[in-house]
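Quick look at what Swiss-Prot annotates:
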- Asn91: N-linked glycosylation site (CARBOHYD)
- Asn116: N-linked glycosylation site (CARBOHYD)
- Asn121: N-linked glycosylation site (CARBOHYD)
- Asn184: N-linked glycosylation site (CARBOHYD)
- Asn203: N-linked glycosylation site (CARBOHYD)
- Asn248: N-linked glycosylation site (CARBOHYD)
- Glu338: active site, proton donor (ACT_SITE)
- Asn364: N-linked glycosylation site (CARBOHYD)
- Glu439: active site, nucleophile (ACT_SITE)
- Asn525: N-linked glycosylation site (CARBOHYD)
- Asn552: N-linked glycosylation site (CARBOHYD)
Amino acid sequence: MSNLLEAESSCDSKSLGVDDFTSKRCREIDKKALLITILLTFFVSLCVFLSIILPLIFLVIIPHAQSDRKIKDTNMETTNLGVNIIDEIFNSTQVPEWAKNSLLDTNTWLDTSDFNTSFTNETFAGLYTMGIFDKYDDSVQANPNVPPLNEPFPYGRLPIRGVNLGGWLSMEPFITPSFFQVKNETAYLVKDELSLHAYLGENATSVIENHYNTFVTKQTFYEIREAGLDHVRITFPYWILYSNEITNVSGIGWRYLLRSIEWAREQGLRVNLDLHAAPGNQNSWNHGGYLNQMEWLDGTVKGEENSQFTLKIHERLASFFSQKRYRNVVTIYGALNEPNFFVLDEHKITDWHKQAYAVIRQSNFTGLISLSDGFRGPGNWEDHFDPFHFPNILIDVHRYIIFNDFLIGLRPKDKLNVICKSWNEEMKLKAKLPTIIGEWSLADTDCAKFLNNVGEGARWDGTFTPNGGVASCSEKVGCRCDFANQDPENYEDSYRKFLYALATSQIETFDKTWGWFYWNWDTENATQWSYKKSWLAGLLPRLAYSTTKDFNCSMLDSKSFMEFDEQSEF
């Protein structure tokens with residue numbers, strides 16, 4: 001700067017008669033000065049321009065454009081999924097290139113209703129939070145009989161009255177038989193969900209996600225609340241949690257599980273999460289993964305690896321649902337559905353349950369933890385899980401009268417006596433720990449299609465292969481399945497009366513425990529396995545918490561119910 005000032009000073013002397021060299025130098029400096037002046041003038045003008053234009057852009061033009069866009073969005077036709085086209089375009093620009101066509105890309109989602117479609121790759125405990133809205137409301141009350149979600153449920157004083165959402169995230173052949181009717185000339189080709197995925201091949205993703213999106217909807221939770229229920233037990237297989245190699249549709253169900261919990265919250269319904277299928281299959285049954293496969297705690301290296309993998313899953317899952325937003329709604333956590341005590345070492349299963357309990361607690365889940373009785377009954381669990389060392393534990397008992405040749409063959413009134421007397425006494429005398437009935441149904445036969453596996457018949461009418469053609473109905477001859485499988489509108493009055501008594505006797509007995517969950521909320525066509533269908537047909541009480549006086553266990557010996565002893569098979 002000083003050199004420039006000196007040059008300018010010397011040039012001022014030009015008029016005082018400086019030499020030609022100095023004159024030439026001064027002309028060069030004059031050019032530089034002119035250029036600097038021009039640049040400074042431009043810069044000042046630009047600043048003035050921006051000071052005027054920028055406020056106009058941010059205060060007038062952009063808000064006006066946003067207003068126009070909102071109006072266009074309001075009037076624009078939506079796609080058949082209910083998503084505005086502009087929103088789709090906007091969302092697609094949010095998804096980074098590396099996430100395109102991944103589980104995080106909302107443009108690949110079949111449905112975006114009630115999902116937060118703002119892109120995020122955030123995780124908690126290794127599980128994606130994609131699709132969840134930040135805000136939630138825990139002030140909702142399912143019915144006047146129970147407290148709102150933000151107040152503690154009085155477990156042990158007020159029975160749970162709930163229903164299962166089975167056959168949804170964890171598919172089962174008898175619940176949705178239409179998926180499993182694939183066969184050739186000699187045999188059925190699809191026996192379980194994983195073989196269904198394999199059969200569908202490249203179509204598996206679209207077919208299975210469509211099932212996720214339609215079999216359980218927002219309306220489902222509204223109807224459950226309308227039926228007077230207050231809990232839902234959501235069953236799921238491990239492969240929905242995150243991508244893995246066991247199936248090409250893995251990971252998709254996770255966001256549907258999270259959305260369903262929010263739908264339950266909106267209706268004031270508390271959730272019992274239940275792992276229904278563990279790595280390797282914990283029981284070899286069709287709802288555990290691959291039918292007739294059991295590589296879980298079976299004494300093999302692979303079985304041990306899978307049992308430890310299951311604990312790792314609980315570490316992630318329990319940590320995720322220990323978050324504050326879930327404490328009022330996910331109040332029960334199931335360790336594992338129906339591990340096979342008939343085949344596996346019961347001591348190993350018991351030890352594994354202790355490990356699972358420890359992992360879940362160390363992951364900061366503070367709610368109730370349920371352990372399956374594995375069909376062993378409610379007794380003797382206190383020898384292994386004393387309340388001091390294992391607080392807030394539930395024994396999950398499943399009760400059916402149709403999978404046992406003796407029980408299924410009893411006459412109608414005798415079945416009611418088993419429920420009202422035998423089961424009632426068993427719960428009273430043997431259930432030393434808090435006990436729930438995690439599954440029960442209205443079915444008095446095993447006639448539902450594919451109930452005993454795809455392509456297998458029924459004990460009731462003698463078509464169940466292991467029974468060698470021997471029917472199990474009380475008459476042993478002339479046993480038919482058509483009466484149980486027909487439309488309930490065609491049921492005879494005596495059969496309707498019996499089924500209602502079968503329902504209310506179980507409710508009365510199970511209300512004396514910590515509560516119950518009916519299996520299942522809905523099916524494609526098996527009425528007696530569907531709470532919804534049976535409820536609409538008048539075979540269940542109008543409100544689960546308010547049973548009528550039409551039947552109770554004390555009425556079994558009254559003359560009006562002696563007819564159950566006299567009637568033949570329906």
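Numbering starts at 1 and runs along the chain as it is shown here.
In case you wondered, yes, glycine gets a Cβ from its N, Cα and C as well.
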Same-chain residues six or more away whose CB lies under 8 A from the CB of Asn364 (N-linked glycosylation site)?
Ala318, Ser319, Ser322
How many other Cβ atoms are found within 10 Å of the Cβ atom of Asn203 (N-linked glycosylation site), counting all protein chains shown?
10
Which one of these active-site residues, Glu338, Glu439, has the sparsest Cβ neighbourhood, judged by other Cβ atoms within 10 angstroms?
Glu338
Where Asn121 (N-linked glycosylation site) and Asn248 (N-linked glycosylation site) are concerned, what is their Cα separation in Å, rounded?
21
Sequence-distant neighbours of Asn552 (N-linked glycosylation site) in its chain (C-beta under 8 A, six or more apart):
Thr504, Ser505, Glu508
For Asn525 (N-linked glycosylation site): intrachain residues, at least 6 apart, with Cβ closer than 8 Å:
Pro177, Lys449, Asn485
For Asn248 (N-linked glycosylation site): intrachain residues, at least 6 apart, with Cβ closer than 8 Å:
His197, Glu202, Ala204, Thr205
What's the most sparsely packed of the glycosylation sites Asn116, Asn121, Asn184, counting other C-beta atoms within 10 A?
Asn184
Looking at the recorded positions Asn116, Asn184, Glu338, Glu439, which has the shortest Cα distance to Asn203 (N-linked glycosylation site)?
Asn184
DSSP three-state assignment (helix, strand or coil) for Glu439 (active site, nucleophile):
strand
